[in-house]
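Following this message is one structure expressed as structure tokens.
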Amino acid sequence: MNLLCELIEMVKVVSPDDGDVFGSLVLCGEDCNWDPVVFDMLIKAYVKANMIEQGFGTFRRSVEVGFVPSVVACNYLLNGLVKLRCVDRCWEVYEEMGRIGIHPNAYTFNMLINVLCKDQDVDKVNEFIEKMEEEGFDPDVVTYNTLINSYCRKGRLGDAFYLYKIMYRRGALPDLFSYTALMNGLCKEGKVREAHQLFHRMVHRGLSPDTMSYNTLICGYCKEGKMKESRSLLYEMIGNGVRPDSFTCRVVVEGYGKESKLLSALNLLSELERFEIPISPDIYEYLVVKLCEENRPFAAKSLLERISQYGYVPDIDVYNELLLSLCKCNYVAEALALKAEMVNKNIKPNIVTYRALIDCLCKIDKSMEGEYVMKEMVKFGVPPDTAICKALINGYCKEMDINRAESLLGFFAREFQIFDTESYNALVKVLSENADVATLMELQDRMQKELELQRKMPCVP
DNA sequence: TATTACACGA
């Protein structure tokens, strides 16, 4: 088996596109009489190497030369096809099995039932199962679990629990999968309490909950905003030696996030770190962004600095969130410093960065500084957009710097083909309130000429 | 030697 895997690896290296191991084996076989079982192994090896297409091809060609693959090889293949969602191919394999007399076993049926459950209605599945039972197949715990899961996903809890009861009678005792599926179904219906009761019953019956069953319940509590319960379950699981995974951490942190209890989330993460549970950078990033959204840019910044020590490198979007938050809270100096830091760290500020900065500067009557930033972005090859034009013109108008507003309007038109009616109207409005008609007419005249000049110019894409 | 499970809102 390992030898064959290596053989495939070799063929992949030598000729990745048309490494025809099967053909070579058949050719060699004429001289050295292979045990046909190598074809069986080849199918498995291909599936293991994630070369499902080749595995399927080998299956078909083996059958063509008269070899009958084992049911285990077929199951390997089916499993590979299911994972790639090649439903039609699954049924091709199944039909071929029937045609050449390979008897499907419980694994085969369970995988096929799973396929049916995923893309058919459950009643069709039951027809299939009845037919299988006539062929001597006895539904086992996996079959029941698959069905229970399918019912729960469709909100048919009554049917799911009916099967759960049947399981005892049929001697297929419910396992962790069964309970987790049922708890998940209950949680989806907003019945976390009942799910928790079921959890207790499960423990009482001697099953030890694993990460998945804890996660299901914790997730259910989080969805209902019951963070106290989530938290105590999290501690319970750690106490029982079940390690929280990235899903657990994320669900709880996001649960706190939804309740705007970011401090609790931060505290929890520190606790988890103390238990040496690895926290993925995504979770920290979520918190950083969330703190920004809740107008706590300094908390966000210090968190960012803390996790940077672990080697986390924020991307432009995270930086922008922080910068936007600083701007929104009117901490312009800090925002400008952050932009400088970005440049230092070789993270190029983009249009979003500049738009926020300019907008903020203009709003606090520092349009001149805004214009300075605008010039900088142009220098760095980031062209300004209409929003930036609006911000600057409105800013200058508010500061009654009509001349700069007008010349800037011309600049945007000339250099960047930005003709913003709103900005123009703002200028006209402030002028009409503060100047005589003649001045106004002169402005309109000049702008008109500017426009005509633009139209005559060749279009620059 | 194999089969079934937890959430994001695309």
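From the backbone N, Cα and C atoms, a Cβ is placed for every residue, glycine too.
Just so you know, TrEMBL annotations are computer predictions that nobody has curated.
Sharing the features that TrEMBL gives for it:
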REPEAT    A:35-69  repeat 'PPR'
REPEAT    A:70-104  repeat 'PPR'
REPEAT    A:105-139  repeat 'PPR'
REPEAT    A:140-174  repeat 'PPR'
REPEAT    A:175-209  repeat 'PPR'
REPEAT    A:210-244  repeat 'PPR'
REPEAT    A:315-349  repeat 'PPR'
REPEAT    A:350-384  repeat 'PPR'
Could you tell me how many residues in the repeat 'PPR' (A:210-244) are helical, how many are strand and how many are coil under DSSP?
26 helix, 0 strand, 9 coil
Which residues of the same chain, at least 6 past either end of the repeat 'PPR' (A:140-174), have a Cβ under 8 Å from a Cβ in it?
106, 109-110, 113-114, 117-118, 122, 125, 129, 181-182, 184-186, 188-189, 202
Any idea what the model's mean pLDDT is for the repeat 'PPR' (A:315-349)?
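Its mean pLDDT is 96.
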